[in-house]
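J.: Just passing along the structure, written as structure tokens.
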């Protein structure tokens, strides 16, 4: 007999299993979602022999295409959260891992998506032999590459700037390093991580157009999805189909916003660091429904108890701080072994690349790199000029945040490729060069990163800091330079680094525009990579990716690393 039943009988009260209207709403939504996902999951596991690559992009198939794309986005987001937390924590906690993980993330963030898909498809086909899941995994990996790097960066950055008084409080309560991480440090990263997950969705939608058409054995293998639908519409110059695709994406984003992101943003407010409690909250009807669901509370209760044991269970058996340390010889051996392994793999891959890329074209990369770099730099500066003031205005007003959040999500999630035909038609009609137009086209893939991260930074500011700025009557230039910009500088930096990755990928699309059989292009590294990919010239595509990685490496050494150190030293809430 259960303890709850014994208690009810002892008090002479009937044991009643009750449900309310919120339970019915919640579980109706869950049942619909599970049914749809079960249908889509079954179709993802067909035999490769039965795979029909002829996807016509018909309007009747659009709801099913949206289901398949949504599944890839959700699965990609799940693995992105796992990677972001693992890699971000590892880089923040260990300086030897940090020296490898941060450059790896920065480079991977800027490696063209086409390069990922081209060279990763074979790996996933071998992991899932004779199964459509191999192609699905390649598409999901494409979505993953659009999300994971940005999310890992924000976890790393927020862990490095945890306020000093929080650290001191953890010591005062004698928390072990394990408890300190789960009760103090990790909760501090949650608001920024949630906001960055939203901007990462925009990168995922950008990736989905290319990721759902998999190159295999010299031919394209299109999967059912909105990305394939859009690409077919672009190839056929079908405006009507593009409009339907845009409407489908908008509906998908609105559903995601209401059922997933808005409840998460509302929930993450409990982890906001402030000593002055604010009564202004982001609202979410679904969060309120979940909060009042009786059966869900009963399901979550044992999960909470298990989590409590997971975090605090070892406290009675383990000391708060262990005095044990690895012998210096063993520690030195471990460090040397780690760097030796990294050096071995880097040397091996560099040797293979050197013999793979066309060496006679290496010098021709320099002017192409210079042209694309100037365009990316101009787009980044304009994105900062627009994104920072708009993001601060939205972040300071919960009402503006509620209104702007879905609008920004919709705008950021629409793949820039959709707008390229308008530019292509205008350029051909006016006989204008694409050269200057590439900058606003690149901005379509960068401004959102800055905007979302600035909003995240402002919304996580302690309320007492905002009140102090009002108390000291800071206004105008002084308010910006002495208060707001220093307070959100770590988030601006994360947004700029993420935007840089989006800018390089956007440059590939922006330097070669296609509308039906018509194309417009301008000279640059992006055009070089796009043309090599279209011509199936893999050595040239690899050379272009390496050239882009070299540019990113230079940014890491001379720009990002010094700015990271400046952030930790000077711009930290304490």
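Each Cβ is built from the backbone N, Cα and C atoms, and glycine gets one as well.
Annotations per TrEMBL:
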DOMAIN    66-260  domain 'ABC transmembrane type-1'
DOMAIN    369-564  domain 'ABC transmembrane type-1'
TRANSMEM  15-37  transmembrane segment
TRANSMEM  73-92  transmembrane segment
TRANSMEM  104-125  transmembrane segment
TRANSMEM  193-214  transmembrane segment
TRANSMEM  241-261  transmembrane segment
TRANSMEM  332-354  transmembrane segment
TRANSMEM  374-396  transmembrane segment
TRANSMEM  408-430  transmembrane segment
TRANSMEM  436-458  transmembrane segment
TRANSMEM  479-500  transmembrane segment
TRANSMEM  541-560  transmembrane segment
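Please go over these features one by one and say how buried each is and what sits next to it.
T.: Long-range contacts of the transmembrane segment (436-458) within the same chain, counting only residues at least 6 positions beyond its ends with a Cβ under 8 Å from a Cβ of the stretch, are 150, 154, 191-192, 194-196, 198-199, 202-203, 206, 375-376, 378-380, 382-384, 386-388, 390-392, 394-396, 401, 408, 411-412, 416, 419-420, 423, 427, 484, 487-488, 490-492, 494-496, 498-500, 502-503, 505-507, 509-511, 522, 524.
Away from its own ends, the transmembrane segment (479-500) comes close to residues 106, 109-110, 149-150, 153-154, 157-158, 160-161, 192, 196, 199, 376, 380, 383-384, 387-388, 392, 446-447, 449-454, 456-458, 460-461, 465, 469, 552, 555, 560, 563-564, 567, 570-573 of its chain (Cβ-Cβ under 8 Å, at least six residues beyond either end).
Counting same-chain residues at least six beyond the ends of the transmembrane segment (541-560), those with a Cβ under 8 angstroms from any Cβ of the stretch are 102-103, 106-107, 109-112, 114-115, 118-119, 353, 356-358, 361-362, 365, 368-369, 373, 497, 500, 504, 525, 528-529, 532-533.
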J.: Can you work out which residues elsewhere in the same chain, 6+ from the ends of the transmembrane segment (193-214), have a Cβ less than 8 Å from its Cβ atoms?
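T.: For the transmembrane segment (193-214), the nonlocal Cβ contacts are 69, 72-73, 76-77, 80-81, 84-85, 113-114, 117, 121, 135, 138-139, 141-143, 145-148, 150-151, 153-155, 158, 220-223, 225-228, 230-231, 249, 253, 256, 261, 264-265, 268, 405, 409, 412-417, 445, 448-449, 451-453, 455-456, 459, 494, 498, 502, 505-506.
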J.: When each of 332-354, 374-396, 408-430 is checked against the transmembrane segment (241-261) for Cβ pairs under 8 Å, which one has the most?
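T.: Maximum Cβ contact count belongs to 408-430.
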J.: Residues of the same chain, at least six outside the transmembrane segment (374-396), with any C-beta under 8 angstroms of its C-beta?
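T.: Sequence-remote neighbours of the transmembrane segment (374-396) are 404, 408, 438-440, 442-443, 446-447, 449-459, 466, 484-485, 488, 492, 495-496, 499-500, 503-504, 506-507, 510, 524.
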